[in-house]
Amino acid sequence: MSVLGRRGIHYFHKLNSANVPTSLIQKGQNRVIEASLTLIRERAKLKGELVRALGGAVASASLLGVPLGHNSSFLQGPAFAPPRIREAIWCGSTNPTTEEGKEVTDPRVLTDVGDVPVQEIRDCGVDDERLMKVVSESVKLVMEEDPLRPLVLGGDHSISYPVIRAVSEKLGGQVDILHLDAHPDNYNAYEGNYFSHASSFARIMEGGYARRLLQVGIRSISQEGREQCKRFGVELYEMRTFSRDREYLENLKLGEGVKGVYVSIDLDSLDPAFAPGVSHIEPGGLSFRDVLNIIHNLKGDIVGADVVEFNPQRDTVDGMTAMVAAKLVRELTAKIAK
C-alpha cells in the first residue's frame, strides 16, 4: 500500500475514534463509491453504444483495470500494472493485429472503460468486503452493455474472486475456469487474510461460481493447497507432468452445459525467463508459446478473463514483462471477440 493510502485509512480510523458520527463517514463513502460506479457505468454505456452502432459484433472485449495490490502477501507492485499494460498495448512497437488476424484498433474487437479507482475508495476507509463488491458491480456494469465482455487488468490475483463472482451472477449460472498460475491460490485465508491473493480460488469455489476449475502451470503448492484441491475437485496440471499433459491441455473444450469459460492468467505461470516482472518468481514454468497454444486452441465461449500479478517494479528496464502482458491481452481479446 502507498504511504498516501496508509495515511488516508489511518485518518478515517482516527475520525472513528474521535467520536465522529459513523453515519457521516458512511455517507461520504457512499458518495465516493457511487461516483466511481457512475464513471464506469457511463464509460461502458458509451463504448457499448459505439460497438452497437458499428454493428456486426456478437461479443467484444472491454478492458477494465483493477489497480489493487494490497492483498499481495509479498510485494504490492501489481497495483501499478494496468497503465503499464495499456502503454505496452498501444506503444507502437508491434502492429495491432493479433495472431488470429483481428485488429485491436477496431472497437468491435476491443474497447476500454478505464479503471476502478481502488486507491481513492480505500482512502475513504472502505474495507475489503465492500471494495470487492464495488469491483463486482463494476464488472456487471460492463456486462450490461451488450456485447461487451470484461477483460480485466490486475492487480493482484485477489481481484479474480469479485470478477468471477460478478460474471457468474450476471449470467445466472456457473462457468468453467481455466486458471494458469505457478500457485493454486486456494488457501483458506492466507496469513489470516480472507481476501488474500493466495485465497481467491477458495472463495470462488466456496461460492459455487465454477463447475470445473482447471489449474495449469502449478509448481509451488503446499500440503494445504493439495488438500484444498481435493476438497474442491480441482483438475490440477503441474509443471512436473506438463510434457505428459501437453496434448490434452492444447486441445481443451470447455463451457458446454454452463454459461461459458473464464480464463485467468497469472503472469508467474510463465517461466521467469519470459516474464521476470512478477512478485513471486518461480523457475520451471510455461513458455510463452505454451500459454498461447493453450489459449489459441481452447474451444469454448470465453465470457470473461483477467491478466494479473504483473509487477512493474520488478520488470526489466525495457518493459519486457509489460509487453508479454500486452500480448496476452491482445490474444485473449481475439478469442473473446466475434
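Cβ from N, Cα, C; glycine included.
What TrEMBL says about a protein is an automatic prediction, not a curated fact.
TrEMBL has this to say about the protein:
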BINDING   His157, Asp181, His183, Asp185, Asp266, Asp268  Mn(2+) binding site
Cβ-Cβ distance under 8 Å to His183 (Mn(2+) binding site), same chain, at least six residues away | Ala198, Ile218, Ser220, Ile221, Gly225, Asp266, Asp268, His280, Glu282
Taking the centroid of the Cβ atoms of His157, Asp181, His183, Asp185, Asp266, Asp268 as the Mn(2+) site, which other residues of that chain lie with their Cβ within 8 Å of it, listed in sequence order?
-> His179, Ala182, Pro184, His197, Ala198, Ser269, His280, Val308, Glu309
